[in-house]
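Asks: Next up is a structure, given as structure tokens.
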Amino acid sequence: MDIQYPLELAGTLVFAISGALAVRDREHDLFGAGFTGFITAIGGGSLRDILLGSYPLVWIGDVNVLYAILLGILLAFIFPTALLKLRKTMFLFDTLGIGFFTVLGVEKALSLGVRPEIAAIMGMFSAVMGGVIRDTLTNEIPILFRKEVYASACLAGAILYLILNYFGLERDYNMLISISVVISIRLIAVKYKLSLPRLD
Amino acid sequence: MDIQYPLELAGTLVFAISGALAVRDREHDLFGAGFTGFITAIGGGSLRDILLGSYPLVWIGDVNVLYAILLGILLAFIFPTALLKLRKTMFLFDTLGIGFFTVLGVEKALSLGVRPEIAAIMGMFSAVMGGVIRDTLTNEIPILFRKEVYASACLAGAILYLILNYFGLERDYNMLISISVVISIRLIAVKYKLSLPRLD
Amino acid sequence: MDIQYPLELAGTLVFAISGALAVRDREHDLFGAGFTGFITAIGGGSLRDILLGSYPLVWIGDVNVLYAILLGILLAFIFPTALLKLRKTMFLFDTLGIGFFTVLGVEKALSLGVRPEIAAIMGMFSAVMGGVIRDTLTNEIPILFRKEVYASACLAGAILYLILNYFGLERDYNMLISISVVISIRLIAVKYKLSLPRLD
């Protein structure tokens, strides 16, 4: 699947942007914004890999991931106003990102030989823990306590992927369906609340 | 010691309940409560094993631990009022739990070949760090800054276990004595303050 | 370089003192102060080694590091007022400490075979993440969001070390220059702000 790797880098970049802008909103300095963008982008995947004992961590073993993060931070520094105006676009990218990282996290955990129950948790952790660490560092109530549909949509998508995988569905279709379900749950939930999407 | 394994699972279950109810108190949603219960139950042991480089983590390698956690969360969801009324019972279970996990943490660290000083710290970390992570995530002052006797009782019990172990006391007696000391210190301290016990 | 090891222990001791006193300021109990001193001293190096998968962690493998931490905590307990009066001296030691740990962190990462970009990040993490974890535990805004020149001085020194290393400068000179640059940046920045130095 040639599309997977560029999507992974794009998702990482979007996470870095959202982390950097989350701090920028509250008038921290540039360094703090960059640091937060970095932690947001690496947090979920790093925690997953540390819990699974899988080394090297993705961003340490693959320099392209590091550069995607740095590019995201740079974009947040240069175009903060434009990016903040693109909130809806960013929200869609972020939603796409958590769907994608959920499934990738599940697959990585399975490939390391853990049980499906553990893989489902690792999929959710991959997607949401970067944001949780970001919110903890910046003394915010973590995102998943404020938006039920955030992490639970990921968990639902992870479980669906595992069920479809168990019944032998081909991987590409499974990814497409499971990611779509994560995205759909979140979009529907945000709409039902009749509130505007918020990046953090 | 056939009693050890069921006790370990029971302690994990109690930690999951206390974590889930801690968040429920402040009206977060169900998912947030379950997530917090989960983190509380795995936090201390996971941190100990990550610091020691001991893989797989207990809850990843043993699915029964995972199910004990899920059962605890489920109980917290179904019987929250009843469990909150059982605060005193829960407090006793929690106190039993930290005594038990302290000694298990010490033993695990020793079995991995670290020095006794390190083992004492790992015993305390096993018992209290789940609660510390829970409090950090929910923006509370961590429990061990509020209740001196919480973590220090664990550290005292851990050091006692190591001393008795050094002098060759048989393991079962040592566990019984050291756990009793952790529990006694905490109960006496809570009583002397003449305040009602609080779960978190 | 015979001076390196004692300096490393002295830096660890100063971190433990600063962590213990940070909590003492806000009237937590002795145990909480000791715990915070401990976490502050081990946090940066432990996170670096966990991210890199390098075991055993320094303080677990070398008991002298543990004793340096305990000595620092003990000093903070016995001489809190004197140490708080020595704020300027402590500030200088802390600044020396972050310069020193930055370069040691870079060297350790390089010795584990990671790319220079990763080594620079690991150098900065070694120096500042103990303080970040301390501030997160005590519900403070982490230090590096309040003082731009703290972590960014470390990152600048780390990058300088890598550049000079690339051009073949001898290690002792490189250490001296890079540490001096970290220290100079921070001292100048503190002076320009015309505010008194604050330990945390």
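Just so it is clear, glycine is given a Cβ too, placed from its N, Cα and C backbone atoms.
These came from TrEMBL, pasted as-is:
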{"type": "TRANSMEM", "residues": "C:6-23", "note": "transmembrane segment"}
{"type": "DOMAIN", "residues": "C:7-79", "note": "domain 'Glycine transporter'"}
{"type": "TRANSMEM", "residues": "C:30-51", "note": "transmembrane segment"}
{"type": "TRANSMEM", "residues": "C:57-79", "note": "transmembrane segment"}
{"type": "TRANSMEM", "residues": "C:91-112", "note": "transmembrane segment"}
{"type": "DOMAIN", "residues": "C:92-164", "note": "domain 'Glycine transporter'"}
{"type": "TRANSMEM", "residues": "C:118-137", "note": "transmembrane segment"}
{"type": "TRANSMEM", "residues": "C:149-167", "note": "transmembrane segment"}
{"type": "TRANSMEM", "residues": "C:173-190", "note": "transmembrane segment"}
Asks: Counting Cβ pairs under 8 Å to the transmembrane segment (C:30-51), which of C:57-79, C:118-137, C:149-167, C:173-190 comes out on top?
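Replies: Between the candidates C:57-79, C:118-137, C:149-167, C:173-190, the best contact partner of the transmembrane segment (C:30-51) is C:118-137.
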Asks: Could you give me three numbers for the domain 'Glycine transporter' (C:7-79), the DSSP helix, strand and coil residue counts?
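Replies: Helix/strand/coil tally for the domain 'Glycine transporter' (C:7-79): 61 helix, 0 strand, 12 coil.
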Asks: Is the transmembrane segment (C:173-190) in contact with the transmembrane segment (C:6-23), using at least 3 Cβ pairs under 8 Å (sequence separation of 6 or more) as the test?
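Replies: No; fewer than 3 Cβ pairs under 8 Å.
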Asks: Using Cβ atoms and a strict cutoff of less than 8 Å, what residues sit near the transmembrane segment (C:149-167) while being 6 or more residues removed from its termini?
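Replies: Residues 98-99, 102-103, 105-106, 110, 116, 119-121, 123-124, 127-128, 131, 143, 173-175, 177-179, 181-183, 185-186, 189-190.
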Asks: For a three-state summary based on DSSP, what are the helix, strand and coil counts in the domain 'Glycine transporter' (C:92-164)?
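Replies: DSSP composition of the domain 'Glycine transporter' (C:92-164): 63 helix, 0 strand, 10 coil.
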